[in-house]
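Per TrEMBL, the features are:
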{"type": "TRANSMEM", "residues": "A:29-46", "note": "transmembrane segment"}
{"type": "TRANSMEM", "residues": "A:52-69", "note": "transmembrane segment"}
{"type": "TRANSMEM", "residues": "A:81-98", "note": "transmembrane segment"}
{"type": "TRANSMEM", "residues": "A:104-124", "note": "transmembrane segment"}
{"type": "TRANSMEM", "residues": "A:131-148", "note": "transmembrane segment"}
{"type": "TRANSMEM", "residues": "A:182-201", "note": "transmembrane segment"}
{"type": "TRANSMEM", "residues": "A:234-256", "note": "transmembrane segment"}
{"type": "TRANSMEM", "residues": "A:268-293", "note": "transmembrane segment"}
{"type": "TRANSMEM", "residues": "A:305-325", "note": "transmembrane segment"}
Amino acid sequence: MTEKTNSTLTASAETTRNRLRAGFISRDLYGVAAIVIVAAAGYVLFPDNLALLTRIIAIALLVLSLDLVTGYCGVATLGQAALFGSGAYAAGILSAHYGINDPLLMTLGGIIAGAVAGLVCGIVMLRAHGLPQLVLSIALVYLFHEFANKASSWTGGSDGLSGIVLDPLFGLYEFDLFGHTAYFFGVILLLIVFALLRIVVRSPFGMLCRGIKEDPVRIRAIGASPHKALIKMYIISGAVAGTGGALSAISTQVVALDALSFTQSAEALVMLVLGGTGSLFGALVGTLVFMLFEDFVSAANPFHWLTMVGALLIVVVLFAPKGIFGTVQDLLSARRNRTGETRP
Amino acid sequence: MQTVFSIAVDALAYGMVLFVISIGLSVTMGLMRVVNLAHGGFAMIGGYIASYVARDLALGYGLALIAAVVFTILIAIPIERLLYRRIYGQPELTQVLMTIGITFCIIGIANFVMGPTLKTIPLAPALQGSADLGFRTIPVHRLFAIACGLAVALGLWYAIEKTNFGIKLRASVDNAAMAAALGVRTEIVYAVSFAAAVGLAAFGGVVGSEFLPVEPYYALRYMVTFLVVVSVGGAGSIPGALAACLLLGAIDTTGRYLMPEFGEFFFYLAVIAIICVFPRGLAGRAK
Amino acid sequence: MSAVFEVINLKKAFGGLVVTNDVSLSMMAGDRVALIGPNGAGKTTFVNLVTGALKPSSGEVRLRNEPVTRIGPTGRVQRGLVRSFQVTRLFQCMTPAEHLGLAVLQRTGKSAQLHGNFLTRPAVMEEVDDLLERLGLYALAHRKVREIAYGQQRLLELAIALALKPSVLLLDEPAAGVPQSDTGRIEDALANLPADLAVLMIEHDMDLVFRFAKRVIVLATGTIIFDGLPADVTKDARVREAYLGSYANAGLNA
Amino acid sequence: MKKAAIAAFAVMALCGTASADVIKVGVVGPFSGPFALQGKNFKAGIDAYIALHGSKIGDDTVEIVYRDIPTADPAQSKALGQELIVKEKVQYLAGFYFTPDAMAVTPILKQGNVPMVIMNAATSAIMKTSPLVVRTSFTTWQTSTPIAKVASDAGVKKIISVVSDYGPGVDAENAFKKAFEAAGGQIVEAIRMPLSTNDFSPIMQRIKDSGAEGVFAFLPSGPTTLGFVKAFNDNGLKAGGTKFYAPGDLTQESDLPALGDAALGIQTTFHYAVSHDSPENKAFVEAATKAIGNAAELSFPSVGAFDGMHVIYKMIEATGGEQDAQKAVDAVKGLAWTSPRGPVSIDPESRHITQNIYLREVAKGSDGKYFNKEVQTFEKQGDPGLAAAK
């Protein structure tokens, strides 16, 4: 290797590094801006459909939380709704049984319950790997579901938990029929969670988790415990899912067993893989595309839309195997590399 | 004592039905490394075909069973060529997405073509009625299901462990490139195994239809059950799957007898306990 | 001067099969020891016992006079016992800088922090850059590992071990799988290892052993049959007996 | 400022439909998924009503907007309800197969100035959540109470209750228990089994061991009823003379072909049998069969939907097409008419339908088809569940 090419390479490493450093803030800003723009566009384009949009936000939080454990840590789970539902029920029970109707306190309750559920699920889930782990997650979500069904004096059982009353947000904004307050509340929650998660995923801890996903043996060989890190991530994930659950409880004022269901978990996983795992944007894109597509086709043909959704999933696997966002990102970076090479 | 025997017989019958339906999935997941969530969909297609042949065409149960296996495989061949072939060796989550998509399509099409009502498969006269075991009576079709389970278990064990094809299959699984270099046409091995798995699914769908009635949502309704038994057994292991089915069948049946209101708890707690003790499944091999 | 690393009467049996039989050895700071032995001698088991992946049937492992036999693999790493892998175990989607950053952060107890990024931490980056430069990987700092050559991956493997600032380093065939053209760089890197580091290298390549080691230990069927100078190893009757047949004439007479 | 904007927007949204010629009715139901059959029946009932009575009421034209909700999913239901009210500007909400789905929407009715006509969801308590709810289906209490009298009239003293472990199952158990014990009978055991039960043999063993003379059972209509009834026969309970009582969900007409001979002789009480003999029902069945395509798929939700449309038409007549939810609901309080199921009326207090409950027995017709044969009538039954829920 000659001196000259060596120094060019070194210089290019230097620029890469600077680009990366600068990229943190700008990518965060792009992300926040993108959410704000999409949220505003949703508000302007579908002012009559804010309930759907709020629901998308709640599910997006669930999918983000799933991305943390599946996308960043490589733990496949079909039981993420256990965390989401715990948050939803906690928020709902606070209001319906304890008269705590402040939406912020209810959200806090949801976050705590989600984190606790995350801890419990994490401890159990990490006993196995691969397929058996997937089955553990299924067993867990069914246990949570059954528990909620049994504790019907608290949860309303299969009739759902109703009687959730809401104080105005900050004492100012009533939760109204059109769902404006709930929508804005949801958008703000999403922005906060997104910003915090951006910080977490590029932090040393985030890097550790990516390492665990790729090779836990190597992580142990540098003296870190994958188990501890994964439990921690599960708690964070639970808090995020709990936020989504609380938002769902607040915006709909009902919580039912489906919030804790296997179906909900599986749908979340489908949305995540659809968007692309291992990236917060992927989680958001997947949720948005799936929910909007489902809403569109199920309104267009309420009787046979499932086939269309199935076809969408197949098409995505065939033509965008890394998920929608992952594949777009690959295409863009491939183009950047090409243009980079042709530059003198 | 009589009750204990009685429960044991029920558990055995239920476990065997689970085995017959799930074993095909164990083959795809363990030997072909494809998380095939559409397995229940193929079982359902088998059920529909059998129902059509036996009920609408009145051609009899035996013929219905054969037709179900043959036509389900015929339906599955283009699906394998066009879709499954694209996901061999892909990450598990991609496989999950694809096979859930296929399941949705199968459900949607079944609902459209066959309608949402339950379909039954009229049993052959010889399988109707009950047999006397001395301490209790048992429906003959349950004995038939137990026999089918044993036959399938033995047949598969023989095919995988003792035949030339089994050797090729195991070689392809362990190291596809090496097997190909040795002249094994892995594509064909995979296609044949897939067809066998689908055929088993259809067979199980028909034999098990007395327990799990055929309707469009079948494909998703029992997906979890199949996935659980296969994983608890250790994907790819015939004895493992058999043990898991019998064990879980026993736990499920006993739980439902002793404390029906906590039946679900029992079952899933048992699943968690088993996996915690055997993190790779009952017959899981270290990787 | 006391030993930094000691293995005392280590035994491991799987059922009736004894794979590590009463092995004892000790190393001082700065030692360069090669552990060799024919296939099936129990080298891999020995490494697993020492790093804590396996529990011994009896015996003890000590690091700087502290018994670590009951301490798990991660605890031993934290106490300064670091290993490299025979086949590289790296994170394919991460960059060398990230690998080293993670190792440095882990060593300094900061790998669990939920904020900030190592690229923006001067203290971490200084160390990372230093390691990258020492091993000639600086230019590749931000390439994904799957895009870089295997020889360079081996160097990175070494760099990670160094980033953990070990007192004892277990190198499992550091040059395995590397094309001939690249072995020179690996040997350079080995020659430049910190002087006070105790290194135990498990190796097949006798040329490398002779150039690197000041002391050679031969393991055969789970027992140490030779512990002495490299110059003496080929003359030892038991070593010859252990190798001849399984290893034939290869390497030894060179 | 923001509030004012919202208010202005709301006024616009609400006034927009006041003088419109097209009156939209939003129907939420399970049109896909495991309960698609019931959703299909909703649509058949609605189509039948429109086919028989036209889509015009005075100058106004009725338009139905369908929204799918495959399983109980209140969050989705609320989103759909809001969308229908705010975006589609429906004046009436109808449908609702599951209780939680209905419960999720009731809190927004008042603000949206929209009445809700429940065409199925069968939990008594829904009626208390909003004064703008009217129900034209039934409650589980309503259909499960009379069967207790049937059992005790038949001289059965000891009964074991076996229900699916979810809201309606528990309702059925309580309703039966209350009525049966009041009639002097004894519930020897009450079993709640998980909804996902596939193999009922162990349950049958429990029934055998309990020493009861009869079984009261409740399962949601669909695949599990098939397994339950078959297990009942296969395990020799039917042959052993154990009596089988259930509300009519268990023998809904669309499941009968699958149940076949196994169901023969099962006694159930319900508000509607497709075989009901009346000119109104003949006309209804003919129209509904045409709408659904396959006669074998016709089942009870269709009649709830049919009568629901009747109530909505009356509401539209009473309000002259103006959007006034309270006025619309008030107008149908006490409304009485002859439905395909027989004489019915809307109870002014509870806004729930008062109707005849029939004792039926599964029989095989001369054409080889199975049907629910009405053998006894319990006239003018209200909802006993509402009182019990208090």
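Sequential numbering from 1, following the chain as shown.
Using N, Cα and C of the backbone, Cβ positions are placed for all residues, glycine too.
Remark: the transmembrane segment (A:131-148) makes no contact with the transmembrane segment (A:29-46), by the rule of 3 or more CB pairs under 8 A. When Cβ-Cβ distances below 8 Å are used as the criterion, the transmembrane segment (A:52-69) is approached by residues 39, 42-43, 46, 75, 77, 80-81, 83-84, 114, 179, 182-183, 186-187, 189-190, 193-194, 197, 201, 230, 233-234, 236-238, 240-241, 243-245, 247-248, 251-252, 264, 267-269, 271-272, 275, 277-280, 282-284, 286-288, 291-292, 295 of the same chain, each at least six residues removed from its ends. Listed as Cβ neighbours of the transmembrane segment (A:81-98) (distance under 8 Å, sequence separation of 6 or more from its ends, same chain) are residues 61-62, 65, 105-107, 109-114, 116-118, 121, 140-141, 144-145, 148, 154-155, 161-166, 237-238, 241-246, 248-250, 254-255, 257, 259-262, 264-265, 268. At the 8 Å Cβ threshold, with sequence separation of at least 6, the transmembrane segment (A:234-256) lacks contact with the transmembrane segment (A:268-293), having fewer than 3 such pairs. Sequence-distant contacts of the transmembrane segment (A:305-325) (same chain, six or more residues past either end, CB-CB distance under 8 Å): 270, 272-277, 279, 281-282, 285-286, 289-290, 293-294, 297-298.
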